[in-house]
Each structure stands twice: as C-alpha cells, then as structure tokens.
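K.L.:
According to TrEMBL, the feature repeat 'Solcar' maps to 51-123, 132-214, 227-309. Annotation source TrEMBL lists transmembrane segment at 53-74, 95-114, 134-153.
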Amino acid sequence: MGPIKLAADAESSSAASFDTRDRKMRNSLLERKKSFASVSMGEEKPFDFFRTFFEGVIAGGAAGVVVEAALYPIDTIKTRLQAVHGGGKIDLNGLYSGLTGNLTGVLPASALFVGVYEPTKQKLLKTFPENLSAAAHFTAGVVGGFATSFIRVPTEIVKQRMQIGQFTSAPDAVRLIISKEGFKGLYAGYGSFLLRDLPFDAIQFCIYEQLRIGYKAAAKRDLNDPENAIIGAFAGALTGAITTPLDVIKTRLMIQGSANQYKGIFDCVQTIVRKEGPTALLKGIEPRVLWIGIGGSIFFGVLESTKRLLAQRLPAPHQDSNTKHG
C-alpha cells in the first residue's frame, strides 16, 4: 500500500505543479494585455463629443497661432520661390507681410480642424478594427481638412498675394480681389488646395499618430513634450517633402489672379513642366521641409501639452483626469 500512496502523492504534486504553472501563465498573459491596453487607453474611455470638440478647438487654435507667428518668414520665402518664373530672384524684404491678416484665418481654421479631427478620430477608432487604426487617422485628417477648407482657402489666397507684394493689407486684399475677380476669386485654386491639403493633413496626422502608438507601445508609458515634438517634426518634414509638387501647383493657381495663365490643375502641371522643366515642381522644397518640420515640432508639442493641461483642469466625470487618449 505504501508505493500506491507515494504514487498518488506524486500524481497530486504533479497536478498541483501544473495548476501553478497554468496560473502563472494566465497571469503573465493578463499582465501583457494590461500593459498593451495602457498604450491605447483612450479607446476604452466613454466618448464625449462636446468635451473632445472643445479641447480640440482650444488646443488646435493655440498650436496653429504659435506655429504661424514663429515660422511666417520661412513660409514667405517658400511662397516667393514658388512664384518666381525661370531664373528670377526673390525679394527678402517684408517677410512678415500679411501675418496679422493671416492669423485671423489661421486661428479659427486650426481650432476647427483639431476640433473636428479629434472626435472623428475617436469615433473611427471605436468603429474600425484595431489593425486599421492608420485608416482611422488618415480618414479623420481628410474630414478635418475638408471641414476647414472654406476658411483656409481665402486665408491662404490673401496671405500669398500679400507675401508676393500684390497687396499691403488684408482688408484691401479681400476688397480688391472681390471687386476684380468676384467672390470666386477668394476661392481661386480651391481644387488644388484640396488636392494638396487633404492628402497633407491625412498623411501628416496619420504618420504622427502611428509613430506615437508605436513609441508608446515600446516605452509602455505616455510620451513627454520633447518626444511629441520630435515625432511631430519627423512627420511634418516627411509630409512636406512628399507634397511639395502639389504645393507648387496650388501656389501658382492661387496667385495668378485675373490673368488666368493656367486653365486648371492639369494645365498648370503641363505648362510648368514644358516651360520650366520637371524640377520646377520641387521649387521651395528646402524651406518647405524646414518650415513644416519645425512647424510640426512646435504644433504637435503645443497641441499635446495644451490637451494635457485641459484634461487636468477639466477632469471628465467618472474617470482619472491623468488618463490621456492616444
């Protein structure tokens, strides 16, 4: 009977050992799941459209104004480079020309863009499968860009006409454009603006959001302001380089005025390539990449820090105010 008891004890010990290992394995998997969930904790929070919209409006407006005021001279040089035909030289005087008038458009446009983007992004992330988060970010960027295009196009036209010296003040620019070209003059190049800005917004925010998700997953923590700024700079510079030809086309169509040198987007491309060569479509790429790279760093740095401050000052009901959406 002794050996039988020993065998039973051994079997019992083996079963207990197996249960212990199984329990440890389950706990380990659970810990991993918790660790991963903390990276995208925002997707678990209740969706509050008005709060998300409000925070986006404030954060977007602040980020847009800071970037525009800081980097306006680089944008002016870029515009003048793209406007010059052939081997002409650019004028470096009045690099802040049109800034005040431009800020009156940039503030509501940036505020509205992020205000639309944030709730759209959160809604799509809840709707799309997890492996399609990039599609959610891309689509939200397109929606935000289209929603603000009715503000951004007239703002861009007035800004660029002033940057190349056609007008000396924003009110005069608006009045004279309408008197000479009609109200549609304020929306000259609207199609090319959408052709450039919708892909730009979508690509930039998609790259930025995806890099943040990957970084947060690796670091297993929220990112700090310098890290957000570095990721924003990379996303901005890469997107700026990719979309430079679209920006050249948009600039030429917007500044042609009543001359109607180009009949449309395709005619503009053909004319530029025929008269100036294909490399003309990359005019201004250096200041554009520099401007948007630095701008992306400032914009996303200010955006994330402002969102964090708002979350701390306005804690959502029934949830930890330190929790941040991704």
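Cβ coordinates are placed from backbone N, Cα and C, and glycine is handled just like the others.
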K.L.:
Using a Cβ-Cβ cut-off of under 8 Å, list the residues of the same chain that are 6+ residues beyond the ends of the transmembrane segment (134-153) and lie near it.
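P.N.:
Answer is 105, 108-110, 112-114, 116-117, 120-121, 124-125, 127-128, 186-187, 189-190, 193-194, 197-198, 200-206, 209-210.
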K.L.:
If we skip the immediate neighbours and take only residues 6+ beyond the ends of the transmembrane segment (95-114), which ones have a Cβ under 8 Å from one of its Cβ atoms?
P.N.:
56-61, 63-65, 68-69, 72-73, 76-77, 144-145, 147-148, 151-152, 154-156, 158-159, 161-163, 165, 167-171, 173, 201, 303
K.L.:
Take the repeat 'Solcar' (132-214) and count its residues per DSSP category (helix H/G/I, strand E/B, coil), listing them in that order.
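P.N.:
Grouping H, G, I as helix and E, B as strand yields 74 helix, 0 strand, 9 coil.
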K.L.:
Please work out the mean pLDDT for the residues of the repeat 'Solcar' (132-214).
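P.N.:
Here the predicted model's pLDDT, averaged over the repeat 'Solcar' (132-214), is 89.
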